[in-house]
Amino acid sequence: MSPRPEDDDLVIEPADDEGLHYGNASMEGTSTGQRPYIRLTSQLRNATKSSGDEVRFKCEALGTPPLKFIWLKNNGPVEKTKRVKIRDKENSSRLVITQLDVLDSGYYQCIVSNPAASVNTTSVLRVNNVPDAVKLSQKKGSHHSTKHIAFDEYEDYEMMDRGRLPDEEDADLYRVPDSAAGSNYAPVAVSERWLDGIKYRVGDCVQYRGEACRQYLSNKFVMMTNESREEMYDIDRNLRAAMLFINGAPTISQKCRQLSQAVACHHMYKVCESDSNNQIVSICKHDCDVIQNDECPSELALAAQHELVGDTPKALFPLCSRLSSTSNCIPVMSTALQSSPVAEVNRGHLTHWCYVNSGTQYEGTVAQTSSGKQCAPWIDSTSRDFNVHRFPELMNSKNYCRNPGGKKSRPWCYSKPMGQEEYCDVPQCPSDMYPHLNDKKVEGSTKGGVSESVTALWDSLDPTMQVALVGGGVFFSLLLLLLFCCACCCRAKKKSQKTRHQNAHCSSAPSVINSAANSAYYRKLNGTSTPIMGRVPPHVEMTSLLPSAQHLGPPPYPMDQHLQQARRFPSQEPIDDNSYKVFEITPSQLSVREKIGEGQFGVVHSGIYTSGLFAPEPMAVAVKKCRHDATNAERAQLEQEIRAVATFDHPNVIKLIGVCYMDNSLLAVFEYMVHGDLHELLKVRVPPADHDMGGITEANAEFLYIATQIALGMEYLASMSFVHRDLATRNCLVGDTRTIKIADFGLMRTSYGSDYYKMLHRSWMPVRWMSKEAIEQGRFSEASDVWSFGVTLWEIWSFGRQPYEGASNQQVIELVANRHLLECPHNCPTNIYSLMVECWHENIERRPTFSEIRSRLQSWSLASPAHSILQQHNNRAGSHSGSSGAGRPPTHQRGYPSQKLHRRVEGASPLMKRHDANYAYSEDGDSD
């Protein structure tokens, strides 16, 4: 075991560098001058406990300066309570949780940091629920044999096992991480870590397998002269940078480039005679004198001015006077001239180790992002802005990092597998290196010269003058903005006054109002956009357009009068109606087929839409319309729903194709997925009893893909301030390639009658998917949709089972009120069920948002699909992993009669509402 710092002032730095992260001696907080380092000495173990038990985690590390410990649960800080205690010491930290609850399940991470680096270790805690009867028997049996152990009595925990598995102890003993050298060093590629896997000891001779001096030191042995592998990698790194600078300098001859590289390699690396003989062979003194005096005198003089000659660690060339005249030496003259000449550097391109300015001319071979993901080939890019057709130079760039067109601040690429734009882990060249490779404007353009002149003029100004100019510009911009706002307000005021005057004038002309011909004329005049969307200002409610009773005569058609009146008042002023413009479909383009379902506020039919802009061939659609006996309020409700969904444009939300006037009725035409809904797909995919682990892994990967799409769609709806109120698998339609689209047709389908319950003074409600505040108070918000999303996840991983199956709807209401949560589905990953429990948090402020859920699901999809699968071999009968109290009645018990199915023909209302405030039911029970 490695030495550990004791309690006195003596700090012992480990003798080896196994798993060490080093920093720079000049880092902040290193007052002793000692090189900062950090190493994690133990790993957290996964734990499975029962509710009521306690768990103890210990995190240990070594390092200097002093270490800082942070505990996280599911990426959030662990809060200290009466049950949760944290004690930090100099080199360890302990987390103790007593009286465990199923809500304590999750990922626990210990992060240790100091100025050198930051390391971490993670454990998965799973807490299983234990029935009350079992708890009582355990408590009685152990009352006289055990006692509660105080937190201060855990001192013997210091000597416990450090949590390291045997295979973890022996694996990768000598592997150094990419970040071991600190943030100021450019990481070395994995293929260039030629010392990894070798027992490192100062003074040993090791065969050189590096990159910088491969041309001269191949198959030769070099002495390990530095304290760690990383410092030996620094030699290769510095040599590569220096040689690239020399090769790019136009004043250095081709011969001197070859000679300087050979001399630098044999000087910075101490060459041994053999692996068994540790005697160093130096450069021949005669060759050194010839190079210094005859071949490259000016180049060596320039190097001496920059302190590159001598025996310092940065010196590339030796002092010839200090070399011995022995015959056992290295003839660098013949070695350099016999090797292949150094290729001329293309002045228009950059070398592979760093980039200049924004990296427009970078042509290196780095193919990894800063987050460690592999880059996707440019030829596979489907982006309209960055592809091989727009930038032909990307054709031969494979999957290397580039900055085509200089649109980004540094080289980047599309990362696998999601195709996200990410910056690459490429260092930037020093500011004074490669001045001829600075980004230039296109030749023949005068804009580049003007911008450079302005930049030079700005740099020449005094800082006080620069601040004054910036302040004046900001003040002038604010003044212009204020004047513009005043002008807009005045124009809007005049416009509203003129509109009121025109409306008053139009109301005195009943012959025009009651003319159906004029109504059709104005529709034709205004184009194909539906007048109800484009001719009513957005802030006017549709119910306000209902005419007064004294002006209503016998309607010429059975359609609602306020819809006709909205058509008869074409605005004399142009109105910005882009947000509500809906495509109008002619009756000849739409064929209405069989009825799919029926609710209080409408009927849904399947249909075929032809000759449309959205599809050159016939496409399946869903047609929603009012019932033939619908009231004006119900027709206005359909109108309001069209307003709501008209602006929706997202690949995971059902899209309104247009509206159609057929048989004097208004029809809303939606896209429809011919593969049915997600619930039907899940029931078909129920696995057999003897399914293997491979099938579970494949199913989990597909489920995660489906859940991510639902989260994306709900995130979009939340950003549009809309609340769905009925999110479930029955309302998720399945398209080609498993594309999921969120809809709200489930309420209208009789096959899902058992999913809804007619509540007192309310409509039919999906109580099995509703949160406590939605059931008891009628409060709907994004938080209540998040609760429904958690139940939808439960549906997915249980292959379409009904939540709380076996219990009646009234019993479900009581279970939700008493915090009886759904149990963890069989073979459900721990992180997925942990997310479900977070969605069901009693405090709505503690539930995650859809943006957080989407981000978390996307990050999990990048990991191995089987990453979080925990086998559930224990007997699950009678247990309830998601409850904070007594277990919910197990499914399919005879003591709980199944709910009688009711066919709903009334009481429903549109499910998606604008979320201007938390939606609440009124006292009279009306849902609007």
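Every residue, even glycine, has its Cβ placed from backbone N, Cα and C.
Looking at Cys213, Cys296, Cys320, the record from Swiss-Prot puts Cys265 in a disulfide bond with Cys213. Within the set Cys354, Cys490, Cys506, Swiss-Prot assigns Cys354 as the partner of Cys429, by disulphide bond.
In summary, of the candidate residues Asn46, Asn526, the record from Swiss-Prot lists N-linked glycosylation site for Asn46, whereas the others have no such entry there. Looking at 1-34, 137-170, the stretch flagged in Swiss-Prot as region 'Disordered' turns out to be 1-34. Cys296 is paired in Swiss-Prot with Cys256, the candidate among Cys205, Cys256, Cys375 named as its disulfide partner. The recorded positions considered are Glu598, Asp726; of these, Glu598 has the fewest other C-beta atoms within 10 angstroms of its C-beta. In three-state terms derived from DSSP, Cys265 (disulfide bond) belongs to a helical segment.
Here the topological domain 'Extracellular' (1-466) has a mean pLDDT of 74 out of 100. Packing around Cys320 (disulfide bond) is summarised by its Cβ count: 18 other Cβ atoms lie within 10 angstroms of its Cβ, all protein chains included. In this structure the alpha carbons, written CA, of Cys213 (disulfide bond) and Asp726 (active site, proton acceptor) are 67 Å apart. One residue stands out among the disulfide-bonded residues Cys110, Cys256, Cys354, Cys375 for having the most other Cβ atoms within 10 Å of its Cβ: Cys110.
The two recorded residues, Asp726 (active site, proton acceptor) and Glu598 (ATP binding site), have Cα atoms 16 Å apart. Summary for the disulfide-bonded residues Cys59, Cys296, Cys401: the Cβ-based neighbour count within 10 Å is maximal at Cys59. On a Cα basis, Ile596 (ATP binding site) lies 84 Å away from Cys256 (disulfide bond).
If you compare Cα positions, Asn120 (N-linked glycosylation site) sits closest to Asn226 out of the recorded positions Asn226, Cys284, Cys288, Glu598. Around Cys265 (disulfide bond), the same-chain residues at least 6 positions away in sequence with a Cβ under 8 Å from its Cβ are Ala212, Cys213, Tyr216, Leu217, Leu239.
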